[in-house]
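All remarks here apply to the structure that follows.
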Amino acid sequence: MCPRNVDPRIAINMDPNTPRIFDNVYYKNLQQGKGLFTSDQVLFSDPRSRPTVNAWASNSAAFQQAFVTAINKLGRVGVKTRGNGNIRRDCAAFN
């Protein structure tokens, strides 16, 4: 349903209700069938992830805490440097 030849500088909000606020409305939207992408909406339609969507949609503090936990984990991921790493010029191919 996307139009052709769209200006690549145009961004679509994942959460049209509160696009500039970091909150749990994204998960409330999924409960209402308003996920932007099919891959988003499946988080609610799949019984394995639906409980998490419901928990975060109904409890902003739980969502915020889960986010903090995830960001802290990401911060501990080791960055590979020099001979152990590779900064790609093209994400699809090794340099």
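Using N, Cα and C of the backbone, Cβ positions are placed for all residues, glycine too.
Taken from TrEMBL, the feature domain 'Plant heme peroxidase family profile' covers 1-95. The Ca(2+) binding site annotation in TrEMBL covers Asp15, Thr18, Asp23.
Sorting the binding-site residues Asp15, Asp23 by the number of other Cβ atoms within 10 Å puts Asp15 first. For the Ca(2+) site, the Cβ centre of Asp15, Thr18, Asp23 serves as reference, and the other residues of the chain with Cβ at most 8 Å from it are Asn17, Pro19, Ile21, Phe22, Asn24, Val25, Tyr26. In the structure as shown, the Cβ atom of Thr18 (Ca(2+) binding site) sits within 10 Å of 14 other Cβ atoms.
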